[in-house]
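Worksheet: the structure to be examined is printed underneath.
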Amino acid sequence: MLSVAILAAGKGTRMESSLPKVLHKISGKSLLQRVIDSCVELKPDQIFVITGHKSKEVEKAIPNDKKFHVVVQEPQSGTGHAIQVLCREVKKHQGKLLVLNGDVPLIRPSTLKRLLNLHDSKNADVSLITTKKTHPHGYGRVFLKGDFIERIVEEKDCNDLERENELINAGVYCFNWGILSEIINTLQSNNNQKEIYLTDTISLLKNSLSLEVEDNGELQGINNRIQLSECEEIIQNSIKEKHMLNGVTFINKASCSISEEAEIGKDVIIEANTHIRGNAKINSHCIIGPNTFIENSNVGLNCEISNSTVYASQIMDYIKIGPYSHIRPNSEISSFSKIGNFVEIKNSQLEEESKVNHLSYIGDSIIGRSTNIGAGTITANFDGQKKHQTKIGKNSSIGANTVFVAPINLGESVTTGAGSVITKDSKDNSLAISRTEQVNIENWERKKS
């Protein structure tokens, strides 16, 4: 039987944040979620998340699954105290207990599996991950005696000689839970921090093993915003390298960010300052950017999107968007259409070969095939209480500076006069015009101030 305990009770004081440390995000996922994802790969029987500081907030981030259990640690008196609380809450201490911190977002499932395999093969009381750091400031030092761990000394309790040891504790343990439960309550807070250390169990257990991991990048804990940024960079580099090996070009990859869920096709060019978030999909032969943000949207083949934002929308094939366009949620832009500069589209459908080239707002609308929307067109869709729809049939020509006061339904091949305010429906092949006749007053003199 395998149980997992994720330590997520700390305040994270050095983050200088009102948000619990484990809820800070890297590439769209919280630190806690990344640790959970790695643990789930092990197929454990149960996962305990030990919370404390702002427990209710942290609890909301835990999956709603019967495998997950919340254990509240009050007060937060150290890692050893956290496991003491867990052992009191859980009556059956069977099999293995994997313990790790909730702030190690880069830990690989494969490394955790290696630890479990070592533990099983040697029938250990405890096995833990260690690594060597050239400048190990802040980490507990691990001291070996032959093949076994003799003791672990926390940084603040080290003397000068002990601080020279470069073998550090990564904070990932696999215990024989039954044996651990017999000694856990003997731990005391006899140290400079006045906390109960889980590392003190090592000297009480006979068969304590070390799994030394060479790549200590994955063991990076997050204690401040600098380390958060470093981990973000590691993950982003990994994501972008994967896409580049699959045929994607980044013009300036350091200035771009890509979510792990995003899909990008071959021969896509990602220009500088482009950010692709959530479940976005960019199909082949597109040019995206520069200065473009796409989230939870599908972009078809051979599209060009520059200096624009696209949220939760469908962009079909051979479409040009931008510069400075804003495609808001629930919009669908059909193939061979064009959205030009300073255009906002919201909850609207544009059929094939439609054009909205300049300075327009299209909201809650259906625009027919091969329709041209003139500069400055506005769909006035909100009456102060609810939104209304505008429908414009195919092959229509909308004059510059037209305002549609929705609800409006225009037929096919309708033309509107420039500057019109359209308040009534129009039939097929009609001209809709609504403006006062121009009056010229000759010999007019402006009043002088």
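Glycine too: its Cβ is placed from the backbone N, Cα and C atoms.
Source: prediction; values computed, not measured.
Per Swiss-Prot, these features apply:
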ACT_SITE  His358  active site, proton acceptor
BINDING   7-10, Lys21, Gln73, 78-79, Gly140, Glu154, Asn169, Asn223, Arg328, Lys346, Tyr361, Asn372  UDP-N-acetyl-alpha-D-glucosamine binding site
BINDING   Asp103, Asn223  Mg(2+) binding site
BINDING   Ala375, Ala418, Arg435  acetyl-CoA binding site
REGION    1-225  region 'Pyrophosphorylase'
REGION    226-246  region 'Linker'
REGION    247-449  region 'N-acetyltransferase'
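Known features from Swiss-Prot, placed on the structure.
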residue	record	Cβ neighbours (10 Å)
Leu7	UDP-N-acetyl-alpha-D-glucosamine binding site	27
Lys21	UDP-N-acetyl-alpha-D-glucosamine binding site	27
Gly78	UDP-N-acetyl-alpha-D-glucosamine binding site	25
Asp103	Mg(2+) binding site	26
Asn223	Mg(2+) binding site	16
Arg328	UDP-N-acetyl-alpha-D-glucosamine binding site	17
His358	active site, proton acceptor	15
Tyr361	UDP-N-acetyl-alpha-D-glucosamine binding site	20
Ala375	acetyl-CoA binding site	19
Arg435	acetyl-CoA binding site	12
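Here the region 'Pyrophosphorylase' (1-225) has a mean pLDDT of 94 out of 100. Neighbour list (Ala9 (UDP-N-acetyl-alpha-D-glucosamine binding site), Cβ cut-off 8 Å, at least 6 residues apart, same chain): Ile50, Thr51, Gly52, His53, Ser55, Val72, Gln73, Gln76, Ala82. Sequence-distant contacts of the region 'Linker' (226-246), counting only residues of its own chain at least 6 positions beyond either end whose CB sits under 8 Å from a CB of the stretch, comprise 15, 24, 26-27, 105-106, 217, 220, 253, 256-260, 264, 266.
Rounded to a whole number, the distance between the Cα atoms of Lys21 (UDP-N-acetyl-alpha-D-glucosamine binding site) and Asp103 (Mg(2+) binding site) is 8 Å. Secondary structure of the region 'Linker' (226-246) per DSSP, as helix, strand and coil residue counts: 20 helix, 0 strand, 1 coil. Counting only the Cα atoms, the space from Leu7 (UDP-N-acetyl-alpha-D-glucosamine binding site) to His358 (active site, proton acceptor) is about 54 angstrom. When the CA atoms are compared, the recorded positions lying within 10 A of Ala375 (acetyl-CoA binding site) are His358, out of the candidates Lys21, Gly140, Asn169, His358. Note: the Cα of Asn223 (Mg(2+) binding site) and the Cα of Gly78 (UDP-N-acetyl-alpha-D-glucosamine binding site) are spaced 16 Å from each other. Considering only the recorded positions His358, Ala418, Arg435, Lys21 (UDP-N-acetyl-alpha-D-glucosamine binding site) has His358 as its nearest partner by CA-CA distance. For the pair formed by Gly78 (UDP-N-acetyl-alpha-D-glucosamine binding site) and the residue listed as 'active site, proton acceptor', distance between Cα atoms is given as 61 Å, rounded to the nearest Å. Under DSSP, Ala375 (acetyl-CoA binding site) is assigned to coil, being neither helix nor strand in the three-state scheme. As a whole number, the greatest separation of Cα atoms within the acetyl-CoA-binding residue list Ala375, Ala418, Arg435 is 17 Å. Its own atom aside, the Cβ of Asn169 (UDP-N-acetyl-alpha-D-glucosamine binding site) has 25 Cβ atoms within 10 angstroms in the protein chains shown.
All protein chains considered, the CB of Ala418 (acetyl-CoA binding site) has 14 other CB atoms within 10 Å.
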